[in-house]
């Protein structure tokens, strides 16, 4: 029986859906051990790699938690995992991705272990905060730090050395040892061990860097009001000792490492680590502690981990969340447990390898017709067949894939881009859609005031701009919202912050600030109460639409001005005021912000970053679909998109909005506004007909919500309190969209058409940004997201590739972090991604090609009971290929961004032709040289005209590791190894030219030199190089013919390759 999970916002994106009790079966465990011993650990490895087999074979579901040893859990992404049972004071729990869960028998469901705060009366929460023993709370909640797990070298080694391809390596090594090949398998083992521990070093370095980002080491003071002695009330402890329920003394310059709520005093904080905006924000204690607590509704009273305290006025906060249950802890959980990357390339590669293995088996069966009469020892033929398996599936392939990824990250780091997830570099080579946040990403975070209108209202406008702000002076510097700082500079008024209340001088008058109502996200307004000339006034600024709604009389003229200037890309504030009577000063804000006089507008500019337009132009030129996902005003965002060249400057852009109250869909294009009543039938057909005429669109968050609700998008529904919003009195839960699947064909057609044409998503909430990425992905789009604030974190985490900037909070979840604020990092990552993806393909194609050609060469040597010598196997398997593939994987990107992506489908005709072309022409060369050798060689044991099978002693118990045929085959193979690398190397349009990759050029040149020396001077050259063992008279002058055959087939193969590449290019347009 499975039990539901009562989800909490501490879970972030890693939600559990259901949990069942399970018991580890001792009988099945013993049986598993016996099967593992019988199968030489193969069954144990099957249990490791098949989660379904592991769960079903070893565990039995039970109804009682007392008899359970484990928990079977199901996640929101349909993952099924097993977690062991732990105990705290005889109370069971389990740990899933750094969070603890327990069973609540009262509600018959599981829930995360957290400090009970939501829905509790604040005063009771404070009073009963310490009902648990402190040591017991420590066991439940752990340390107040983000302890980034780092696998021990033993665990990492076990996982690495028991990988699927590593097991194939051990199989290959066993075969080679059985064939008396010693040096090659030993060197492969050494190389594998070195690569594992190099990767472990990089893994530990990455985790330690994450650990440094995660934690703040400092001492804090806590208050224990239960102490009887006053001198023992305050206690200084390390910040990692904090526990939920502690009363934390807030001090200036302190960086919080917990989520807490202020119960006394007030503070000024910097939440740049949460919002991405370096703006001081005032927060205060609860005005009424006899109400239910809610993080969402009481944001003004709550502080979050990572927040820096600028000022603190006798402030005390109650600690509510610590460790990975904090909001910042959720970001780090996303980093530790990212979305799994696409396995498409690897799955197709595996299928293609099976195809090659089948062909090789058929070829081997054909040769068996000649082998069987030669009276080989059966074990030799069996080993040869097993070699077929080993060579068809190159066991060292994952090593070179990892080299491609690691070298790409190193190259990016040299360009000022830090990569935290090597798997994402592969995804960067497939991107076709780029999404950008607006403020702080496309634009700078600063503002420049243009003007205040209308001119005739200048005195009152100056008064509002000079007083309506919440700036402070710290260490002689005025700090606050950059917008408010620029506004104050524009009017040129002087503030006296040393006096309380604050006095502002301007217009030859003295204004006294009595109350400040900070920005309210619900009303989009900010107000102050001031007195001047013995009169009181309320000065208000905010979004023009909001100001007009609470104005005494509607100002359509100002709204028209707002629309005109917003379409020019200006950030605009509405300015309003009203005179107050003395008895109105203490009224509630909601009562004061009514019946205002809407007097004017403040126009500001949020300039683009210096190179934004140029970068966007390059991205669009390369065929990428560029979109903006912003929380800003639609008209402002549209104009910003035009300035950034995302939209054409002279193009008519329409944006679609939804009026929830009146249930209307509005489509606005300049002065042309179309209104559609929702109640009408076939709403999507009507909308589709309208947008068919529009080339590019912008949509708002409200319209997106309406679309998701009405189109019945199928996906996993996650009841997340953290994402709930109020709509007509009902909670709407955030939907995890996994695919667009709706029965209505017209709806699906409309959605595809809409998303394709929409370039601007405006007024989007953080969870909507992620939804947009999910919807695009459901259309098989490969999405890159670039943003800077915490409101972008979910979208960055969801995208195939996420990018942020070094100082931004989104860098916690971004796999790529740019040290520069320029968005040209997007181009650098895409360039490197395309080159890395091409390197992946070429490394795969090369290994398959050379393994097949080596397999065919050895088949010919068997015809004379010969095989490659130990050193020859080492030379072909390691000395030649490992450096060559390493240098190939290090190939850097082109200087320009291609308008194509590498075609990574291994079953695509172009990719198959490249491999088969090499194999066919290489095989032809081997066949010709075999018959040349047959006719020209000096037979060592028989007369020249005597049948060859009479010259080999029967039965054949062992193979010779020297001889004419194996020498010819070996020389042919090392020549083709070099030419295959050149044939398969596709530089344009993704990578540098072959000659620009100097290590690769030098290595292939050296390989050709070794071949020609050994082939032209078989005695001196061959003996000196310790490569072959033949005498000068082996060829009888026919060595030049052999060389000509190899050069001829290689040139034909190269020309054929170029011809096929032109007809069937190995890339696809974006």
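For all residues, glycine too, the Cβ spot is worked out from N, Cα and C.
Per TrEMBL, the features are:
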DOMAIN    231-333  domain 'P-type ATPase A'
TRANSMEM  27-47  transmembrane segment
TRANSMEM  153-176  transmembrane segment
TRANSMEM  182-203  transmembrane segment
TRANSMEM  352-374  transmembrane segment
TRANSMEM  968-988  transmembrane segment
TRANSMEM  1000-1017  transmembrane segment
TRANSMEM  1037-1060  transmembrane segment
(request) Using a Cβ cut-off of under 8 Å, list the residues of the same chain at least 6 residues beyond the transmembrane segment (1037-1060) that approach it. (result) 910, 913-914, 917-918, 920-922, 924-925, 928-929, 932-933, 936, 968, 971-972, 975-976, 979, 982-984, 1012, 1015-1016, 1018
(message) Below 8 angstroms Cβ to Cβ, which residues of this chain, lying six or more residues outside the transmembrane segment (968-988), approach it?
(response) 838, 842, 845-846, 849-850, 853-854, 857-858, 860-861, 868, 872, 875-876, 880-881, 884, 888, 891, 894, 914, 917-918, 922, 925-926, 929-930, 932-933, 994, 1000, 1004, 1007-1008, 1010-1011, 1014-1015, 1027-1028, 1042, 1046, 1050, 1053-1054, 1057, 1061, 1066
(request) Quickly jot the same-chain residues contacting the transmembrane segment (153-176) by Cβ under 8 Å, restricted to those at least six beyond its ends, or write none. (result) 45, 48-49, 182, 184-185, 188-189, 192, 196, 199-200, 203, 383, 386-387, 389-390, 393, 395-398, 873
(request) Please list, for the domain 'P-type ATPase A' (231-333), how many residues fall into helix, strand and coil according to DSSP. (result) 22 helix, 44 strand, 37 coil
(message) Quick test of the contact rule: Cβ under 8 Å, at least six residues beyond the ends. What residues does that give for the transmembrane segment (352-374)?
(response) 381, 384-385, 388-389, 391-393, 848, 852, 855-856, 859, 862-863, 865, 906-907, 912, 915, 949, 952, 954, 956
(message) Averaging the per-residue pLDDT over the domain 'P-type ATPase A' (231-333), what integer do you get?
(response) 84
